[in-house]
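Accompanying notes for the structure given below.
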Amino acid sequence: MLIFTIPQFFFAAWVMVVSLQMQGYISCIEKERKGLLELKAYVNKEYSYDWSNDTKSDCCRWERVECDRTSGRVIGLFLNQTFSDPILINLSLFHPFEELRTLNLYDFGCTGWFDDIHGYKSLGKLKKLEILDMGNNEVNNSVLPFLNAASSLRTLILHGNNMEGTFPMKELKDLSNLELLDLSGNLLNGPVPGLAVLHKLHALDLSDNTFSGSLGREGLCQLKNLQELDLSQNEFTGPFPQCFSSLTQLQVLDMSSNQFNGTLPSVISNLDSLEYLSLSDNKFEGFFSFDLIANLSKLKVFKLSSKSSLLHIESEISLQLKFRLSVIDLKYCNLEAVPSFLQQQKDLRLINLSNNKLTGISPSWFLENYPKLRVLLLWNNSFTIFHLPRLLVHSLHVLDLSVNKFDEWLPNNIGHVLPNISHLNLSNNGFQGNLPSSFSEMKKIFFLDLSHNNLSGSLPKKFCIGCSSLSILKLSYNRFSGKIFPQPMKLESLRVLIADNNQFTEITDVLIHSKGLVFLELSNNSLQGVIPSWFGGFYFLYLSVSDNLLNGTIPSTLFNVSFQLLDLSRNKFSGNLPSHFSFRHMGLLYLHDNEFSGPVPSTLLENVMLLDLRNNKLSGTIPRFVSNRYFLYLLLRGNALTGHIPTSLCELKSIRVLDLANNRLNGSIPPCLNNVSFGRSLDYEIDPDFGSSYGMVRADQELEESYSRSLVLPLEFELDYSGYLDFTVEFASKRRYDSYMGESFKFMFGLDFSSNELIGEIPRELGDFQRIRALNLSHNSLSGLVPESFSNLTDIESIDLSFNVLHGPIPHDLTKLDYIVVFNVSYNNLSGLIPSQGKFLSLDVTNYIGNPFLCGTTINKSCDDNTSGFKEIDSHSGDDETAIDMETFYWSLFATYGITWMAFIVFLCFDSPWRQAWFRLVNVFVSFLKCV
């Protein structure tokens, strides 16, 4: 047995402490290790793979866990972006961590909190919790009552959730230690209340909500310690708050994208700690002089614009400016000249003077005056001369001169002057001539947009070799010709190529080297030959070669490419359709206006949202398609399809547009079509911005220092390169053929069975399509009555029943249709009075021609009460008194003609004076003809 003296004991203890410190920290306690293992069930295994059940495993060394180095207690849990499925969190799971200071559940998939034992007091068990990040989850107001118990909180982040209603002051009143509060990106509304109890707040972010009203003394102005305030993207109104003059510690103020109005007051000059001031996208008016902010010596970022077009910025100033700006943003300010004071702002790194009335020469003046400039945005002005300094080599990264009035050749030295450019947008101008070969010196260029100009010729070989970092290239709407890329080509980083509406004739195989290509748009060129088989080597999301001269069959290599959109329309492709394509979820397949033949494969609808096979040479019957609840658009018009309309179409319940026109379909219309939605029940709602095909956001790291080190604002200048599929549906409605895209297709629901061989009555069940906007059953052999149930088509705009054999009256209740523009029943056998109320007043006579028994003021034909054929029938009567029995009519007509001819023949068979007289008459007539 060892016996230690007191000095020896303290020495041993000291050695133990030192050894532990040398190890970094002691092991975590067992209670917390078990607590972490309970949490593991809610964390994606990918992020908790080292959370081991082994009792020898030190949880302080586990990923996403932070422990105190001295006590070994867990003080930080960083579970952000680790969820597997949306969950309701039991807060008692965190109770073992009594020393917890930071709990990061950002993007954790949390839908709410609960604690069956401690209830709303649950967070009070975490007495040292200082930072709680619940950003970008799915929680609503149900979590708010839990917050008052967390009185130790200094940072509370709730942005990007589903909070709604007014500012939750009641639930936050006990959080008197809060220094940062982020409620951005929710659904909060109403005025901002008094916040005196949150007097320690340094940073407050209320952006991207719908807060409204004016800002008075009882609200934000009580927060004297406030350093950062973000009110952007709300609905605040009224003038700039005078009481903001008391917020003397304010360093960041963002009031952009609201409805603030009036003139900008002098109190802004009192905010002498400001580094970042954004007043853009409001309704300020009057004259603004930079003298107003001349004394803000710390100001680095200034942004101002107005929605009202009544804001005018004075170009000249009288005071000496004390600030040295890094960022100036004056878009939408009605500027006719560059403000003179900018010449002294040599530290500028970002200039945005877009959407003004600037003219003259650009961008040489800016490049010569601002050696530190990294971003120059001058889009939508009236510059006419594109000039660059001859000997200067500039470090500019971003240049946007789109939508101006340049109409000359691009400078030959553009690549020499701008070798560091990464983003260049010269679109929507009138640039002419060939592409300068000096583009090849832009080794860092990532994005190049030359679309909508008059550029011509072929792409230079040096360009295709030198721009090795190019990822997005837009050449559409020019006059480029020849091969798309000459050999050799080293655009290995190319992901997006948009070159539609040019005169290219050939796709060369050098494109094989661009392995990351996901978006290829080559429509409306003069491409010839077949689709290259090596297209199958790409991981395509978007491929469009429509409106070219391509022919042959679809190469089998394309069948397994993961498309989101494939458009081969308006070419000369032939052969049978493949049995399937490997579409991602909700793909778009356009094969219309080709020469495809054979049957329609039943498997084509797998993972497809739209199938367009219009105007081919397809034959056979419509197959029983594989069921697909996401399938919305089926377009088979203009083929040679035969047989009945299959009842299996009724299983495609989400259909919005069904076009089977101009085929040879026969039989009757299936009544079960009322199972199809046509917008009646939108169980599945499509986003009009569906299908982001390529999405990239790039930040310019060198601009980071241009923004204040803000807790609530982005630190970088970012460019969003998201691209969207042009989702288009062509459909005949209101006597014309229209293309629906963007927001418009969201409201298009239609059915077209016209120009077939359909018979039988129109099913009354078609009246269940309450949201349908266009219904065309014309040019068939449909019989019976116009269904009275059509009065239930409350959103209908166009009904075409022309060229059928319908009879009976036009139901009077159709006058209830408030949006009807076309009601064409011409060339039928309808009878009775034409309705003349509501929208029917504006319908002209062409809608009714070919119906001899119709009458009314619309066709200027009176109705005779004594003629049963002209009587208006009670739409609710079961007896059709005016209806003509067409079968009896045709049999009577046939019998009359038959009996007449038989009598005439019998008459000629008997010898009589009448017979002799008849033959003499015939002889006289023949002699007369000979004389003539």
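We number each residue from 1, going along the chain as drawn.
Any Cβ shown, glycine's included, is placed from N, Cα and C.
Taken straight from Swiss-Prot:
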type: CARBOHYD; residues: N90; note: N-linked glycosylation site
type: REPEAT; residues: 223-246; note: repeat 'LRR 6'
type: REPEAT; residues: 247-273; note: repeat 'LRR 7'
type: CARBOHYD; residues: N295; note: N-linked glycosylation site
type: CARBOHYD; residues: N352; note: N-linked glycosylation site
type: REPEAT; residues: 418-441; note: repeat 'LRR 14'
type: CARBOHYD; residues: N420; note: N-linked glycosylation site
type: CARBOHYD; residues: N425; note: N-linked glycosylation site
type: CARBOHYD; residues: N524; note: N-linked glycosylation site
type: CARBOHYD; residues: N551; note: N-linked glycosylation site
type: REPEAT; residues: 561-583; note: repeat 'LRR 20'
type: CARBOHYD; residues: N666; note: N-linked glycosylation site
type: CARBOHYD; residues: N675; note: N-linked glycosylation site
type: CARBOHYD; residues: N776; note: N-linked glycosylation site
type: CARBOHYD; residues: N792; note: N-linked glycosylation site
type: REPEAT; residues: 819-842; note: repeat 'LRR 28'
type: CARBOHYD; residues: N824; note: N-linked glycosylation site
Conformational class of N824 (N-linked glycosylation site) under the three-state DSSP mapping: strand
Most crowded position, judged by CB atoms within 10 A, among N90, N425 as glycosylation sites: N425
Closest of N425, N666, N675 to N776 (N-linked glycosylation site), Cα positions, glycosylation sites only: N666
Using Cα positions only, nearest of the glycosylation sites to N352 (N-linked glycosylation site) (N420, N524, N551, N666): N420
Glycosylation sites compared (N675, N824) - the one with the fewest other Cβ atoms within 10 Å: N675
Assigned element (helix, strand, coil) containing N551 (N-linked glycosylation site), judged by DSSP: strand
Mean of the pLDDT scores, which run from 0 to 100, over the repeat 'LRR 14' (418-441): 95
The repeat 'LRR 6' (223-246): DSSP-derived helix, strand, coil residue counts: 5 helix, 7 strand, 12 coil
Between N824 (N-linked glycosylation site) and N295 (N-linked glycosylation site), the C-alpha gap once rounded to whole angstrom: 72
Cβ neighbours of N420 (N-linked glycosylation site) where a neighbour is any other Cβ within 10 Å: 16
Among N352, N776 [glycosylation sites], residue with fewest other Cβ within 10 Å: N352
Distance [Cα-Cα, Å, rounded] between N524 (N-linked glycosylation site) and N551 (N-linked glycosylation site): 15
N295 (N-linked glycosylation site): secondary structure state under DSSP, collapsed to three categories: coil
Neighbour-count leader, CB within 10 A, glycosylation sites: N524, N666: N524
Per-state residue totals over the repeat 'LRR 14' (418-441) - DSSP helix, strand, coil: 5 helix, 5 strand, 14 coil
Count of other CB atoms lying within 10 Å of the CB belonging to N295 (N-linked glycosylation site): 17
Secondary structure content of the repeat 'LRR 20' (561-583), with strand meaning DSSP E or B: 0 helix, 11 strand, 12 coil
Rounded Cα-Cα span from N90 (N-linked glycosylation site) to N792 (N-linked glycosylation site), Å: 50
